[in-house]
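Engineer: One structure, as structure tokens, below. Some questions next.
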Amino acid sequence: MLVNALQEKLGYIFNRYDLLLQALTHRSSSNQHNERLEFLGDAILNYVIANLLYHRFPHISEGGMSRMRANLVRENTLATLAREFNLGDYLQLGQGELKSGGYQRESILANTIEALIGGIFLDSNIQTIEILIINWYKIRIDHMDPYASYDTQKDPKTRLQEYMQRRRLPLPVYWINQIIGEAHNQIFTINCQVSELTQPIIGCGSSRRRAEQNAAAKVLEALEHNQNI
């Protein structure tokens with residue numbers, strides 16, 4: 001089944017397929033849509049991130065933790081996470097949303113991530129979804145500077161995309177250059193091309209997501225030689 005690939009990317013196999021289907025269903029497609037799951041998932045996500053930040057950064061003030069949490073749970077971050085799972089390929093949308101490109105809309109992608117969190121919680125328990133969320137956010141947490149400004153706390157891919165958008169330039173293009181190793185022990189090499197650089201920049205990582213983030217970080221470093229971003 002097509003959704004099996006999604007479950008592998010999420011790192012969780014649903015016991016109740018109906019919860020997975022509901023989490024992926026937009027209100028434009030069915031009355032059995034995902035908005036109640038989204039409500040639940042939003043609360044769970046905020047709890048998990050708040051708890052994680054509290055224990056990970058014991059010397060950071062309440063205001064600092066609030067800024068970090070806001071960055072991690074905001075719509076753009078969730079939509080970026082959804083794209084890393086190729087979530088748009090699995091959405092159940094009505095014809096109107098399909099024609100208008102709803103599978104790419106950040107609000108729909110972000111809401112679906114929250115609905116999946118709610119669905120996984122109902123399908124399992126708080127401990128399971130907490131472990132999953134921490135795993136999904138590991139790269140972002142590891143690269144987060146608690147003393148940095150709100151803008152610089154964004155992950156490299158998000159910062160690069162916003163850099164290009166501010167200048168009305170084409171968005172970065174990522175493609176796989178090479179995959180080495182057996183399944184579950186692979187090294188991905190990703191090329192990232194932007195219009196302001198003549199050659200693509202290469203990033204490596206143990207997953208496509210990590211390799212893309214590393215490539216984006218290197219592109220940002222290259223662009224910083226020309227202007228302050």
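Any Cβ shown, glycine's included, is placed from N, Cα and C.
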Engineer: For the Mg(2+) site, Swiss-Prot lists Asn111, Glu114; sort out which one of Glu35, Glu38, Glu196 goes with them.
Structural biologist: Glu38
Engineer: Between Asp42 (active site) and Asn111 (Mg(2+) binding site), how far is it from one CA atom to the other, in Å?
Structural biologist: 8
Engineer: I'd like the per-state residue tally for the domain 'RNase III' (3-125) from DSSP, helix first, then strand, then coil.
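Structural biologist: Its residues fall into 89 helix, 2 strand, 32 coil.
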Engineer: I want the residues beyond Glu38, Asn111, Glu114 whose C-beta is within 8 angstroms of the mean position of the Mg(2+) site's C-beta atoms, in chain order.
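Structural biologist: So the extra residues in range turn out to be Asn34, Glu35, Leu37, Phe39, Gly41, Asp42, Ala110, Thr112, Ile113, Ala115, Gly118.
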Engineer: Output the one of Glu38, Asp42, Glu114 that, of all these recorded positions, has the highest number of other Cβ atoms within 10 Å of its Cβ.
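Structural biologist: Within the set of recorded positions, the most crowded position is Glu114.
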